[in-house]
Amino acid sequence: MTPNPSPIVVENPWEKLRAFTDARIGLGRAGVSLPTSKLLEFQLAHAQAQDAVHFPLEVDRLANQLQEAFALEEAPLRLHSQAEDRAMYLQRPDLGRRLNDGSKERLQASAASQSRAALAVVMVDGLSALAVQQNSLPFLKALYQQFEQDAAEWPLAPLTIVEQGRVAIGDEIGALFNADAVLVMIGERPGLSSPDSLGLYMTWAPKPGLKDDRRNCISNVRPAGLQMAEAARRLFLLLKEARQEKLSGVKLKDRSEDNVLEGDAAATDLTQNFLVAD
Amino acid sequence: MAQTFHSTVGSRHYRFKSLAELMAKATPARSGDRLAGVIAESAEERVVAQMVLAELPLTIFLNEALIPYEQDEITRLIIDDHDAEAFASIRHLTVGDFRNWLLSDQATSEALTAVRSGITPEMAAAVSKLMRNQDLILVGKKCRVTTAFRNTIGLPGRLSTRLQPNHPTDDVTGIAASILDGLLYGSGDAVIGINPATDNVAQSVKLMRLMDDVIQKYQIPTQSCVLTHVTNTLEAIEQGAPVDLVFQSIGGTEATNRSFGFDLSTLAEAEAAAQSLNRGTVGRNVMYFETGQGSSLSADAHHGLDQQTCEARAYAVARKFSPLLVNTVVGFIGPEYLFDGKEITRAGLEDHFCGKLLGVPMGCDVCYTNHAEADQNDMDNLLTLLGVAGCNFVMGIPGSDDIMLNYQTTSFHDALYARRVLGLKAAPEFERWLAEMQIFKDVQTHRLNDQLPAAFANSLSYLPKEPRHDA
């Protein structure tokens, strides 16, 4: 007779911590391995994320929404990189960083009639069109509020939407618009729990050939991640600092959260959690 | 005055116009080299390049720099730090004979340690291109690199894990929940390391304090790290933050590292600053580096080299600063550099081998992204192969799903699988702690406790009533 054999699947009593995070904690175990139900949940999520990579951006719909919401006289400019389709996009990032000839001509024609802009806003499908489709409009609304509340003027270049694009394509667009800075809003690589994550990349004095140390990034902008209002607040602080210092990237530290630190006591409180509660 | 190389097979004549081109064409196929336009144009050309490479003397790499000495501080580091005395016993070898020697009974663990500082990254890369996966595993296992801070990592028969409790908004309760989950699955002896969602100094300091509090309260023999830019960590040290390890992503060319916003002098400053804090108890290795094939090409800073040679050069940067941990994040960069499970597996084994041969404490983030042609089965295979090869550490994350970085890496469960099937253990200091805390019922047989250990049951009673989301 075996006294008190272990159950086949051992549950984890800390599973209730799932209320505080989307991380796959407290999964339990069969021996040291995943229980069947948790294994299959994972496989489904992976299948959905793989599908999200191939979901195309509905450019017309996004353009119409933006035109309506901001009462634009002209619809946002529709642009396309030199990567013709998703398969080429995935294997040739160099082509995703450059505009195709037709896009370049349209952009030059549009830029000719513009005066100098403080910022060019560029929406790019990246690796998750879903992120751009769903989060662009709410984020821009929040950002425009920041501009309106500021004493300084923030003239914007016409909005642009790019298909099959990478972050650096914004350099070319910003330069053609002669903008002080460019903001690229791009779909980040989809995660299992977050197929809709938007990344924000701000670059001062954009021109083709810049490297990543010249950019500042705010990541994971989505309803269940970094909220639109907070993302807009942080981005606006970065923009103001970039304008003052006339630079961006690693030389421009993100100070957006420094105000929460008012000495050691405050900092300790911020780290308070159940693991170190007593 | 670059040398050219020739070979004829049957009626076909092959010409390689430089050592760099020969190295690139001898490299097993991968998408990043195709993207860079340096890949062999046929399967035959690849093997011919390997045959030509096998005939070259190792000394050619001391005489012919792949990136000019004047242009690149990594080349200067490699040449200036080369140890001619350590090299003496192998300096007569060709690349092909070097492979034979590495596999031979002469090349014991002690012999490999003795020649280490005489081997350059280019020699390691060259010989790896001639080796099959089993060769990379066999020699990798013979190379021993042990480091220490609050525990000892890289001892034979040990496999450590980085507990990676990332959270998309850096929520402290969410992070604490993942730390608890990891500790209760025996993870975290390499480091408890967080990639911050918000990359600034204030946020990093907050996360450093969080982890330091946990490590102190439970007296865990491990170290913490916030994976923020080296200049942020330097600023955190100035502010008096509890910094155990300094993190930085590094590449194998000066231009790559400039694109990351640092140079060698920055790393020297950081190492000195972290050592001045004297926070280690059993060792003084204070740096944590991450690398990965394709980063130089991605930064347009590869000088026409293949991505695996660039990667090996990054290990010259690493070994200069005596790191506790070096982690090749092999599948993170995406399918334009490593297309599928087969390419990721090969790269992981190459990186582990080259790193260990050069004396770097190599671990591997066995991982893939959702736009790569790879899945959990590919990761199971690579994890098992690296466990056999004696890899120092792998990642540990809840359920393989990094909810902040949006990729899949090895889980707490996966590490226990590898430890169980291969008979591997955690770092000795951490293993004792796991037994004392009653996290394991029996550490020797890898049997976890079915009950919640008392110290942690108590902590769960302090849970906030309502979920909060304080980024």
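The count begins at 1 with the first shown residue.
Just so it is clear, glycine is given a Cβ too, placed from its N, Cα and C backbone atoms.
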One of B:D81, B:D83, B:D365 listed by TrEMBL as binding substrate at the site of B:R162, B:L163, B:Q164, B:N195, B:E290: B:D365
Per TrEMBL, B:Q248, B:S298, B:M404 bind adenosylcob(III)alamin; matching candidate in B:P196, B:P335, B:P361, B:P453: B:P196
Cβ neighbours of B:D365 (substrate binding site) where a neighbour is any other Cβ within 10 Å: 24
Cβ-based isolation winner (fewest other Cβ atoms within 10 Å) among the binding-site residues B:Q164, B:N195, B:Q248, B:S298: B:N195
Neighbourhood of B:E290 (substrate binding site), C-beta criterion under 8 angstroms, separation at least six: B:L227, B:F247, B:Q248, B:S249, B:I250, B:V326, B:N327, B:T328, B:V329, B:D365
Conformational class of B:S298 (adenosylcob(III)alamin binding site) under the three-state DSSP mapping: helix
Set of same-chain residues at least 6 away whose C-beta sits under 8 angstroms from B:L163 (substrate binding site): B:S178, B:I179, B:G182, B:L183, B:S187, B:G188, B:V191, B:I192, B:G193, B:G396
Cβ neighbour count within 10 Å of B:P196 (adenosylcob(III)alamin binding site): 21
Whole-number Å value for how far B:N195 (substrate binding site) lies from B:M404 (adenosylcob(III)alamin binding site) (Cα to Cα): 8
Same chain, 6+ residues apart, C-beta under 8 Å of the C-beta of B:R162 (substrate binding site), given in sequence order: B:G188, B:A190, B:V191, B:I192, B:G193, B:L325, B:N327, B:G363, B:F393, B:V394, B:M395, B:G396
